[in-house]
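Swiss-Prot annotations:
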- Leu121, Gly125, His126, Leu127, Ser354, Pro355, Phe356: (6S)-5,6,7,8-tetrahydrofolate binding site (BINDING)
- Lys229: N6-(pyridoxal phosphate)lysine (MOD_RES)
- His228: site 'Plays an important role in substrate specificity' (SITE)
Amino acid sequence: MYEPTLTVESFDSELAGAIRDERRRQEHHVELIASENYVSPRVLELQGSVLTNKYAEGYPGRRYYGGCEFVDIAEQLAIDRAKELFGADYANVQPHSGSQANAEAYMALMNPGDTLLAMDLSHGGHLTHGSPVSFSGKFYKAVHYGLNAHGDIDYEQAAQLAQEHKPKVILAGFSAFSGIVDWQRFREIADSVNAYFMTDIAHVAGLVAAGVYPSPVQIADVTTTTTHKTLRGPRAGLILAKANPELEKRLNSAVFPGSQGGPLMHIIAAKAVAFKEAMQPEFKTYAQQILKNAKAMAEVMKERGYTIVSGGTQNHLFLVSLLDKNISGKEAEAALGRANITVNKNTVPGETRSPFVTSGLRIGTPAITTRGFKEKEASQLAHWVCDILDDIHNEKVIADVKQKADELCGKFPVYQELD
């Protein structure tokens, strides 16, 4: 029996201290990592709910354990809301992460050794899109397309590689591309070689749900996503598809029992409430502001002489290439971090440094938009980033920006209602 009155603070002060410090960091640091966001108190509450106690292998109405009548309600709500939100005919809400959702979709669509055509990691793809260090590059033969000289996806290269390699799956999706993907063009390329067309919208799912970024859900055979990032839900995954009963069976089997056991019911409940939040009119306003803030920041950095990959942004993120500066992405990330501005180093097209050093920065606006930043604050922030990058070893500049960033964060608290 455990002592129910002991708090984490009184029982485990070391862990409580780390959480307290992380809470403080989130309040006092400007978050510009494109894949991060701040969930609502409702999502936080459900992730700590009693649903974490329930084992529920299987699917609603078809469980291997008894006592699932109430978690069935939670999961069915999540399924129905996901389908409605994204205009999908099928949804599986059990994947534990976006990477796992991709692995499960691959399992349903390919056999080991089959060919996958996807975007190159250094041009904006993702580790799970066939990188040799990932399961996706170890279990499948990966071929990669990239960006053209204009910074757009090279569809002609993708079509040529499709004809040459006859992939089983053609994947469109990205982790660091600031443009709009022509989903229909990829559909046509896939059809030309009788391949499955799969999309990974992990980064833009919230924008797609809000209708401010084109949806691939009824164009692709299968769509995967995370449920955090722009969607602002718990850290987890989701698989969507248009109507195809045979494929739906294979997807369900790939998730359970193919690669997962018991689903995380507390996380699935948090997904359900996040999907409901994304259906509200204010979520579209939020998504529109994400785009405005990203464009404002990218424009300032261009004016200040920094190279924006693809020339600008049409979504929530943009890549800053530092190839023409005497700065590495690692140095830039560290200097900005000392000013309480959190970004991540990122590889860029034409990369000359290792993935642990890089020649670029990825900047995203979902989290600052959740705080309430608008174009004015986003533009100020971009100037501060440039001030540091212009004189990266000047600790006085860094200290001045840190003070201004802290003052700005104080005006836009993240979790004031939890204090």
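Keep in mind that glycine also has a Cβ here, set from the backbone N, Cα and C atoms.
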Legend entry - Separation of alpha carbons, Pro355 ((6S)-5,6,7,8-tetrahydrofolate binding site) and His228 (site 'Plays an important role in substrate specificity') (Å): 24
Legend entry - Alpha-carbon spacing, Gly125 ((6S)-5,6,7,8-tetrahydrofolate binding site) to Lys229 (N6-(pyridoxal phosphate)lysine), which is rounded to whole Å: 16
Inset, instruction - Out of the binding-site residues His126, Leu127, Pro355, Phe356, give me the one sitting nearest to Lys229 (N6-(pyridoxal phosphate)lysine) by CA distance. - result: His126
Legend entry - Under 8 Å by Cβ from Leu127 ((6S)-5,6,7,8-tetrahydrofolate binding site), counting only residues of that chain that are 6 or more apart: Ser99, Leu121, Val133, Ser134, Ser136
Inset, instruction - Take the Cβ of Phe356 ((6S)-5,6,7,8-tetrahydrofolate binding site) and count every other Cβ within 10 Å, whichever protein chain it belongs to. - result: 9
Legend entry - All-chain count of other Cβ atoms within 10 Å of Pro355 ((6S)-5,6,7,8-tetrahydrofolate binding site): 15
Legend entry - Least Cβ-crowded entry, counting other Cβ within 10 Å, from the recorded positions listed as His228, Lys229: His228
Inset, instruction - Please work out the number of neighbouring Cβ atoms within 10 Å of the Cβ of Gly125 ((6S)-5,6,7,8-tetrahydrofolate binding site), leaving out its own Cβ. - result: 26
Inset, instruction - For His126 ((6S)-5,6,7,8-tetrahydrofolate binding site), write down the residues of its own chain that are at least 6 apart in sequence and whose Cβ falls under 8 Å from its Cβ; none is a fine answer. - result: Met119, Gly173, Phe174, Ser175, Asp200, Ala202
